Amino acid sequence: MDALIAKADATQPLSKKRKRTHPSDSKPGPSQKSDKTSASITKNTSLPTSLRSRTDKSVDAPQYKHIANPKLRRSLVQTSTHIAQSQALLSDAIHLLPSEETGFVQAEDTMERTWRLSQADIVKEAGGEAARGRLEMKLDGGPYRVRYTKNGRHMAIAGRTGHVASFDTLTGAVHSELQLGETCSDVVFLQDHSFYAVAQQKYVFIYDRDGVEIHKLKAHVSPTRLEFLPYHWLLASVGTAGYLKYQDTSTGQLVAEHRTALGACSVLAQNPQNAVLYLGHQNGCVTLWTPNLPHPAVKVLAHLGPLSSVSIDPSESGRYMATAGKDGSVKVWDCRNWKGAVREWTLRSGGKGDAEVEWSQKGVLAVGSGGSVNMYTSPSIKTPHHSSSQPPLYLTHPLPSASHRPITSLRFAPLQDILTIGHAKGTSSILVPGAGEGGMDTGEGLDLYEGVKGRREREVRGLLDKIQPDMITLDPEIVGSLAPPSNDLFSKIRSLANRPFLLEIPFARLPRAERLRVSGKADLTEELHSDAESADGSDDTKKKVDNEAQEKRKMRGKGKSLKRYLRKQRKNVIDPTAVAIRAKIEKQKAERKAEIRKAKYGDEPQEKSSALDRFKRVSKE
C-alpha cells in the first residue's frame, strides 16, 4: 500500500509534463557560430516545400503581435501563413519545372547556326542510349514507306518491289520479313504491332506479327495509301479509282465508301485531334472527309499543280496543315479559317521531284526533297509572312549519295527524337533534338515496355470505349451539345403568324389538331376551313371554286379508296380536344355570318325552327 501511495505522489499532472523543444525552434545563442557554407547549400539540400508538412514553421510569416484582438490576430496570421506557403510552393514549382522549351539545340551567339551541326556532332554529344537511334539500313527493295506503332517501339517498312518487314527498334529483333513479289504502296499498323495492313497491287492484305496472312480486303481495290484511326478502329484507304473507303477492323464491316470524283489519289493523312482524313488530289485541291458525309466537308485549292504530301501538326490540336506540291512550293495553313496560307516558300531543291512533309509531336516540320531533309521549328513557320522567303533552318541532313533519291517517306518516332527517312536504298534514322514528346501515357498504349497482359487489357478497354464513325466531325466539341431546331420547324412556326393565339401558346399545350398540323401529320383531306365567307354571291361562288380546286390539288395522287379509309379512320377516333375545336370554329362561323347579315340587311338572323321546339320550356320572364 505504501508503494502505491509513493507512485501516486510521483505522478505529475498533465499541465506539469516536461515540454520537449524542437531543435529548429532553438535560437542560436552567442556561443553558436553561423556557417556560411552550410547556409548557402541549405536551400538546395533541404526538403522541398511541396513535401513539407502544413505545420512546418520554416515559412516566415508576420505574427501581428501588436493587435490586441486575439480572434483577428489569429485570422491574419493564418492568412499570411497561407500566402507565404503558396509563394514558396510557386517558387519551388518554377525551380523544379522550368517553363521554357527544352531539348532543342540552341546557339550560343548570333554568329552560330544550328543547321551547321552534322549528325556526327549530334551523336557525339548525345548519350549512349540516344545515340542508338542513328541507324542506316541498306536495302535493295526500295523505295520504302515507313510506319511506327503508337508507342514508337515497333517499325514496319514496305518496299515498292514487295519487300515487307516489321521489327522491334528497341531490341533489334525482326518479327517478320516477306517477299510478296508485287507492288506495295503503303503499310500501316492496326491497334498495335500484332497486326499490320499492306496496300498491295490489287487489294489490301492484313498480316499478323509473324507475317501470316489473316485477311484479304477485296473491297479496297488498287489502294495507294492507308490510314488507321485508333479510337474508331477504322482502316481507311484511297486508290487509283478515287474511292475513299472505311473498314471497321473490329467487326469487319465496310462502314462507308465515298467517291471523290477527282481522279486517282496518292496523298492521304489524318488529323489526330478529330480523325478527319485529308486527301491531296491531282488538280491541287485538298479535301477533308468524314464517314458520315458523302461529300467533302472542306475543299481548298492549295497548289497550282498536283500535291505530293500533306501532314497535320499534332502539337497544337491539329490547327496547322503543311502541304507540298509538285510545283516546288511548301505551304503552311491555318485550319481554323482557310483564308490563305500562313507561310509559303519554295523548295531548296528547286522543285525537282516529289517533296515529303511531316510534323513531329512538338511542332518540328521536316521537309524532304531532292537529296536532303530540312527541319524547321515554330514559331517561324506559323507566323504570317507575306513574302515567299525561306524560314530559318533548324537542322539539315543530306543523303549519302544521289543513288538514294528519291525520298518517299518521312516519319517521326513517337516519344523519341528520331526521324526515319525512306528512300530508294533503304531507310535512314537521324537524331532531331527536341522533336519527340518526353512523357508517356500508359493508358493510351504509349508504354514502351508493355507486356502481353497489359496489351490484352488495353485492347479490351479500347473495344469498350470505341467511338462510333458518326461522331467524326470537324469540330469535336459539338458532340454532346444540343442540336439546333430544324428549318422545317421554323417554316411551320412562321406559317402560323396569322394565328397569334397559337404563337403565344407553347407547342406542348397546343390542341392536338394544331400539333398534328405543325408536325406535318395532319390529314389534309379532312382539314377544317375557318375562313370567313364573303357576303357577295359571286365571291361565294369564286371561293367555293377555289376551295374545290385546292382540295383537288391536295387529293392529287390519292384514290377514292384511300380517301374513304382515311375518313373512316378519322370518324372512328373521338378526341375531346378536336371536338371542342370544331365546336369553337362553328361558333365563330355563326358569329361572323350574323355580323355580315346585320351589316347588309340590318336584322338579326333567326334560328332555324325544329319540330321539337314545341316541347321547350318557356321562361316566365
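Residue positions begin at 1 at the first shown residue.
For all residues, glycine too, the Cβ spot is worked out from N, Cα and C.
Feature annotations, courtesy of TrEMBL:
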type	residues	note
REGION	1-65	region 'Disordered'
COMPBIAS	29-52	compositional bias 'Polar residues'
REPEAT	300-334	repeat 'WD'
DOMAIN	393-476	domain 'BING4 C-terminal'
REGION	526-569	region 'Disordered'
COMPBIAS	539-552	compositional bias 'Basic and acidic residues'
COMPBIAS	553-569	compositional bias 'Basic residues'
REGION	586-621	region 'Disordered'
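Averaged over the domain 'BING4 C-terminal' (393-476), the predicted model reaches a pLDDT of 87. For the repeat 'WD' (300-334), the DSSP counts in helix, strand and coil order read 0 helix, 20 strand, 15 coil.
Counting residue by residue with DSSP, the domain 'BING4 C-terminal' (393-476) contains 23 helix, 20 strand, 41 coil.
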